[in-house]
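Participant: Sending over a structure as structure tokens; questions will come in a sec.
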Amino acid sequence: MGRKLLTEHINVPGIDTFEVYRKHGGYRSVEKALKTMTPDEVVEEVKKSGLRGRGGAGFPTGMKWSFLAKPEGIPRHLVCNADESEPGTFKDRELMSKLPHLLVEGMITSSYALGANTSYIYIRGELLYVLRILEKAIAEAYANGFLGKNILGSGYDLDLHVHPGGGAYICGEETALLESLEGKRGNPRNKPPFPAVQGLYARPTVVNNVESIAAVVPIINDGGEEYAKIGVGRSTGTKLISACGHVKNPGIYEIELGVPVEEFIYSDEYCGGIWKGRDLKAVVAGGSSVPILPKDLILKTAAGENRLMTYESLSDGGFVTGTMLGSGGFIAMDETTCIVRNTWNFSRFYHHESCGQCSPCREGTGWLEKVLHRLEHGHGHMHDIDLLVSVAKQIEGNTICPLGEAAAWPVAAAVRHFRHEFEWHVTHAKQAAQPGAVYPAQGVLA
Amino acid sequence: MESTTATVKPQFSQAAQAEIARLFTHYPAERRKSALLPLLHIAQAEFGGWVSPEVQDLVAETIGILPIEVYEVSSFYTMFNLKPVGKHVLEICRTGPCMLRGSDELTANLERITGAKVGGTSPDGLFTLKEVECLAACGTAPIVQVREKYYEQLDTQEAVDAMLNELRNLVHRPLLPWEETGLQHTQQ
């Protein structure tokens with residue numbers, strides 16, 4: 001049983017109220033930071049913890065914080081990225097709706113470290129009901145002197161607001177998020193300047209994922225070194241994994257980084273195996289943007305070592321035989337899953353969500369969707385398979401933001417590992433176009 | 001559906017105006033445009049589940065920005081309905097994890113029961129069906145969002161029927177969070 005640094009009290013009745021949360025040790029990190037530490041000392045602890053951004057990119061949080069420009073007389077901002085939209089990922093929604101005060105506490109401690117006096121939580125618009133939960137928690141924090149002027153007599157002031165999006169995956173990209181927060185379309189900005197220099201309202205800004213901000217709480221409570229003792233190598237601490245798709249027990253699991261993938265899938269402590277007694281076919285381990293891996297490569301690396309739930313182990317083998325931990329959106333597919341249909345579905349998603357700013361992404365995602373649609377529906381040609389790879393390659397690296405790569409990688413990986421299924425959709429076009437049809441080489445279906 | 005060519009200029013309710021005034025305090029005075037998305041949500045809830053050009057003009061005027069600044073935003077984000085909708089908009093998640101758990105079947109089932117096609121409204125005006133991308137509830141797929149509520153694990157007929165019955169029996173629209181009077185309002 002691994003340690004639960006974030007979710008230990010998640011099922012305590014009333015933990016969404018200030019009173020119960022406080023009784024279970026809530027807001028200690030604020031007291032410790034504001035009363036006994038300088039802002040730089042807080043940053044230092046986060047650096048020592050080795051915490052890496054939990055939104056997907058995995059960039060060290062402490063280092064990101066230390067890049068924040070601090071020009072005299074210009075306000076700085078901390079913005080929490082709660083625009084959780086990566087298919088397969090639902091950890092932040094769970095964390096915010098059940099433990100709203102954990103995020104509020106993390107925001108206060110982190111804002112103090114960065115010297116921000118106005119901070120925002122940008123939450124996806126679909127989660128308006130979670131916005132209400134957070135606003136209630138924020139009101140309670142104000143009423144108890146943890147927000148507002150002169151918090152705990154420290155002289156530090158902080159206002160915290162929640163801001164809803166309007167339904168756009170792209171706003172999870174940090175500069176698109178800032179545009180959106182300014183009341184504009186979510187078009188990602190060219191970088192540089194980076195948000196650390198010119199972010200919200202052209203002021204120095206840090207944007208962090210919900211889970212990263214929440215992790216600051218145990219890091220300050222117990223010290224960065226304690227946090228860094230959990231995990232393997234540069235993958236320190238715990239991570240929330242959203243398990244979904246064809247696992248027996250979908251849900252949120254807080255794991256110590258380093259759990260073997262096989263244990264995560266098959267142990268009753270986690271996913272409990274694959275549903276309906278079926279065999280596992282493939283896994284998308286870190287949200288829909290990361291490369292899909294077939295069963296043998298998700299359980300073991302190409303070198304035959306056990307694959308672990310860490311940033312390094314999952315990316316072992318690069319994109320040839322590896323993938324990424326990403327956001328922790330863990331999508332399992334059983335033997336009856338049609339990989340072509342699934343790839344088409346994800347391509348449709350990226351085409352729909354492309355902001356349209358860069359031609360390679362706007363046009364390329366459309367091409368990917370179109371070609372996959374005709375393969376899936378029995379109108380494909382053999383040369384379409386290489387066309388997919390070619391279009392994916394031309395998107396990659398040619399766009400302002402990473403949505404282009406996010407659209408291209410899954411397609412390239414699906415063709416790399418499941419080319420036989422794409423070919424089957426051409427050679428057995430009529431059969432493949434039937435609803436529920438699946439490549440028959442594996443498993444029970446004829 | 002009521003006439004969409006109303007000549008009476010739309011006005012926010014007093015409760016909504018109070019909420020808008022509160023929201024304006026969240027942003028620097030010279031950055032009031034930041035309140036655009038929150039205001040569009042309020043407008044859509046106040047004026048029958050969609051934002052007409054007149055309603056968008058009201059939003060622009062309330063903030064003090066040009067109407068085009070509202071139009072370009074409302075057309076970018078998928079949550080804002082730019083055409084009239086039925087009483088309840090069922091937003092069905094169609095993305096991978098939901099598809100693996102039966103969202104295609106759910107959509108077909110809802111089309112059959114309601115008589116609406118995706119993108120359209122049922123003949124009785126009760127339900128508009130809309131397919132949307134990932135709603136971040138993949139662990140309880142397949143799911144449907146209706147206003148601020150998530151209906152989850154809709155993989156059985158019972159669950160689907162329970163959702164539709166709940167919605168059918170809602171004579172009044174749900175109380176909006178900024179309405180503190182406690183009075184129920186009749187459907188617009």
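In case you wondered, yes, glycine gets a Cβ from its N, Cα and C as well.
Straight from TrEMBL, here's the annotation block:
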- B:C93, B:C98, B:C134, B:C138: [2Fe-2S] cluster binding site (BINDING)
Participant: When DSSP states are folded down to helix, strand and coil, where does B:C98 ([2Fe-2S] cluster binding site) land?
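Facilitator: Reduced to three states, the DSSP call for B:C98 ([2Fe-2S] cluster binding site) is helix.
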Participant: For B:C98 ([2Fe-2S] cluster binding site), list the number of other Cβ atoms lying within 10 Å of its Cβ atom.
Facilitator: 30
Participant: What three-state class does DSSP give B:C134 ([2Fe-2S] cluster binding site)?
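Facilitator: Note: B:C134 ([2Fe-2S] cluster binding site) is coil by DSSP, not helix or strand.
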Participant: Near B:C138 ([2Fe-2S] cluster binding site), how many other Cβ atoms are within 10 Å of its Cβ?
Facilitator: 32
Participant: Run through the Cβ atoms and count how many others sit within 10 Å of the one on B:C93 ([2Fe-2S] cluster binding site).
Facilitator: 29
Participant: Restricting to the chain of B:C134 ([2Fe-2S] cluster binding site) and a gap of 6 or more, list residues whose Cβ falls under 8 Å of its Cβ, or answer none.
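Facilitator: Spatial neighbours, sequence-distant, of B:C134 ([2Fe-2S] cluster binding site): B:C93, B:T95, B:G96, B:P97, B:C98.
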Participant: Taking DSSP as the reference, which of helix, strand or coil describes B:C93 ([2Fe-2S] cluster binding site)?
Facilitator: strand
